[in-house]
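Here is the structure we will look at, set down as structure tokens.
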Amino acid sequence: MSAPLANDTFLRALRRQPTDYTPLWLMRQAGRYLPEYNATRARAGSFLGLAKSPAYATEVTLQPLDRYALDAAILFSDILTVPDAMGLGLSFAQGEGPRFAKPVRTEADVAALSVPDMSSLQYVFDAVAEIRRALVQDGRQRVPLIGFSGSPWTLACYMVEGGGSDDFRTVKSMLYARPDLMHRILEINAQAVIDYLNAQIDAGAQAVQVFDTWGGALADGIYQQFSLAYMARVVEGIRAGADGQRVPVILFTKGGGLWLEAMAETGADALGVDWTVNLQLARQRTAGRVALQGNLDPTVLFAEPDAIRAQVRRVLEDYAAGGGSDGHIFNLGHGISQFTPPEAVSVLVDEVHSFSRALRTKARSHG
């Protein structure tokens, strides 16, 4: 029997249930802005050494929770574990982004592609189970654990480009010239992501997020066909957790503000939004069908404490103006910068919690 949750605020917000305050976690909360993360990474020898060791992955997942009163933990891993398991030869050169030795570019490459055997990703599922155990303190689990994956389209971008890209020329050329090949890659990726997230859930993930980092690079109409349709498949394929309820699913398309209505129709429980989106309008557009997660500009954290507090309040007030504070998970609009001063995050966390409590008290007194 798993330990009861000491703090289930995040899961309640995902299900649009009342909460005493607005919960928060941060994309890339276990990362290079923390000196303790850098020390662990140095011991691991490399990024992949860190990500592929359940013990190290557990250590770095817990580091931000020991420093800040965050309301969720997120598995420390990388979105490219899935294409790596497909045999594409992932590497990370020092100071450079990811590289695949065998990019998927020809008809033969696509024909050779298949959904990986999840046993090759056992190190991820072992990490999930180990993190769940490590989160238990005095017989109770401190906060819920989020699992995640890249979206089928975002994974395809790296697989076809062979790494990161400024303009996605290679992958978009394939999409327009050979949509049949692109759909084949996306079908395989969607099934792989479903299997991967369900295995994380079986190991103990209590919510999952699909990171569609590059969906916003697509034209309107193309996004719906080549990214959103496959994320909808993923949402449909997610199964129930230990309590019999389907584990909540968060979809996050960076630059996806244009498509919130369509994203809400996938059946996802929550949508992540970046800082270009007004949360009050986002609530109106999604008509209360989903929780919303976001959406502070990460660079606000380079400002003085008073400016950070003012921007936190603006985000919370924008959301509350749409009809109360419930159903909101505070986050950044994208991953936290490695150059962020750790003390700025303390200011952020304290302000989110204290001001969101104050907003609820004020709403009750006016109610």
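Just so it is clear, glycine is given a Cβ too, placed from its N, Cα and C backbone atoms.
On a predicted model such as this, the values are computed, not experimentally measured, just so you know.
Database features, via Swiss-Prot:
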type    : residues                                                         : note
BINDING : ARG28, GLN29, ALA30, GLY31, ARG32, ASP78, TYR158, THR213, HIS334 : substrate binding site
SITE    : ASP78                                                            : site 'Transition state stabilizer'
Next on the checklist: For the C-alpha pair, I'd like the distance in angstrom between ALA30 (substrate binding site) and ASP78 (site 'Transition state stabilizer'), rounded off.
Outcome noted: 12
Checklist entry - Quick one, of the binding-site residues ARG28, ARG32, HIS334, which Cβ has the fewest other Cβ within 10 Å? => result ARG32
Checklist entry - On the Cα atoms of ARG28, GLN29, ALA30, GLY31, ARG32, ASP78, TYR158, THR213, HIS334, which are listed as binding substrate, what is the maximum pairwise distance in Å? => result 23
Checklist entry - Taking just the CA atoms, what is the gap between ASP78 (site 'Transition state stabilizer') and ARG28 (substrate binding site) in Å? => result 10
Checklist outcome for this item: ARG32 (substrate binding site) -> DSSP, reduced to three states, gives coil
Next on the checklist: So if I draw a 10 Å sphere around the Cβ of ALA30 (substrate binding site), how many other Cβ atoms end up inside it?
Outcome noted: 25
Checklist entry - Which site among ASP78, TYR158 has the most other CB atoms no more than 10 Å from its CB, taking these as recorded positions? => result TYR158
Checklist entry - Can you check what DSSP calls TYR158 (substrate binding site), collapsed to helix, strand or coil? => result helix
